[in-house]
Amino acid sequence: MARAKIALIGAGQIGGTLAHLLALKELGDVILFDIAEGTPQGKALDIAESSPVDGFDAAMSGANDYSEIAGADVCIVTAGVARKPGMSRDDLLGINLKVMKSVGEGIAAHAPNAFVICITNPLDAMVWALQKFSGLPTEKVVGMAGVLDSARFRHFLADEFKVSVKDVTAFVLGGHGDTMVPLTRYSTVAGIPLPDLVNMGWTTQDKLDAIVQRTRDGGAEIVGLLKTGSAFYAPAASAVQMAEAYLKDQKRVLPAAAYVSGAYGLDDMYVGVPTVIGAGGIERVVEIQMDDAEMAMFQNSVDAVKGLVKACQDIDGSLV
Ligand code: APR
């Protein structure tokens with residue numbers, strides 16, 4: 001069978017890392033696209049030159065013309081600007097909305113059958129706009145946030161408990177922003193929920209609360225350290241996991257910024273929810289039960305996302 005074709009729209013920090021990870025995993029041939037001339041070509045050639053050393057068979061190429069992404073099976077979108085210290089994800093909205101328009105049109109024209117994973121921030125609003133601009137089916141356009149947010153949560157928890165990250169599962173709902181909802185009740189160490197671990201004396205409620213807050217601030221913590229941009233290794237790894245679930249029809253249960261209409265009492269919006277990802281794209285939105293406090297936090301997050309969507313509509317009248 002022919003190799004899959006994976007188009008990376010944006011060949012910056014995340015785009016380059018994505019290309020390298022996809023190549024190492026031999027998930028398909030990779031085309032890096034960017035408006036910057038030379039950058040996608042240079043990164044593609046550099047990674048291709050590492051292939052004899054690492055022993056992977058995956059073609060790497062760079063492009064500045066959308067026609068090169070023709071027929072892509074997967075598109076991962078990181079085009080746009082990233083945060084600098086002092087900026088929130090929401091500060092990127094005006095610039096990145098224009099970028100989503102050109103990216104959406106490019107994908108619609110050349111790769112209308114692709115599974116599209118958006119990473120550009122502010123995520124929930126950008127993936128919503130990208131779906132509208134591209135006109136692709138809602139189950140084929142999704143945002144990467146939940147895998148990253150829960151990976152951060154899992155890392156902090158594994159570090160606190162001194163156990164393998166493999167045995168920690170974590171659950172994060174809501175928008176990819178300060179209002180995200182890490183759900184402790186659904187997060188476990190080898191199946192033991194976090195509140196039980198507090199009762200067992202593995203940690204304290206105060207420490208757990210601090211970890212939850214650190215998870216919410218996870219992106220800002222990296223921005224503060226890097227000073228010149230935002231996180232790229234963990235975001236790239238997270239999107240690769242979603243692409244792999246689609247390409248291999250794994251039916252993985254992964255949190256993602258998915259289109260929700262009906263579930264959670266929501267209508268026609270993108271927000272972070274648990275999903276099943278397989279060959280059909282987002283094959284299912286998993287509607288979990290929440291208690292009143294959890295529901296209030298989720299609603300707060302939904303309201304923040306709605307505010308960003310409204311801001312997009314105010315900027316671009318074609319978005320309804
Ligand atoms: N079309 C294609 N590429 C574009 C466009 C466009 N209209 N506008 C900008 N780009 C490219 C830039 O040339 C740059 O190479 O997008 C790339 C972005 O790369 P970085 O600035 O390195 O940003 P990165 O760290 O990869 O993050 C990208 O993901 O997590 C989010 O908040 C982050 O929105 C940001 C995005």
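All residue numbers here begin at 1 and follow the chain in the order shown.
A Cβ is built for glycine as well, from the same backbone N, Cα and C atoms used for every other residue.
TrEMBL does not curate its annotations; it predicts them automatically.
Going by what TrEMBL states, the NAD(+) site holds GLY10, ALA11, GLY12, GLN13, ILE14, GLY15, ASP34, ILE119, THR120, ASN121, and the candidate of ASN96, ASN199 recorded there is ASN96.
Taking the Cβ of GLY10 (NAD(+) binding site) as reference, residues of its chain lying under 8 Å away and at least six apart in sequence are, in sequence order, PHE33, ASP34, VAL77, THR78, ALA79, GLY80, THR120. In this view, ARG83 (substrate binding site) is surrounded by 21 other Cβ atoms within 10 Å of its Cβ, with every protein chain counted.
The Cβ of GLY12 (NAD(+) binding site) lies under 8 Å from the Cβ of ASP34, THR39, THR78, ALA82, PHE232, each of these being in the same chain and 6 or more residues away along the sequence. Annotation note: GLY12 (NAD(+) binding site) sits in a coil segment as assigned by DSSP. For ligand 1, the recorded positions lying close by, meaning a CB under 6 A from one of its atoms, are GLY10, GLY12, ASP34; the full candidate list was GLY10, GLY12, ASP34, ARG152, HIS176. Long-range C-beta contacts of ARG152 (substrate binding site), restricted to its own chain and to partners at least six residues apart, with a cutoff below 8 Å, comprise ARG214, THR215, GLY218, ALA234.
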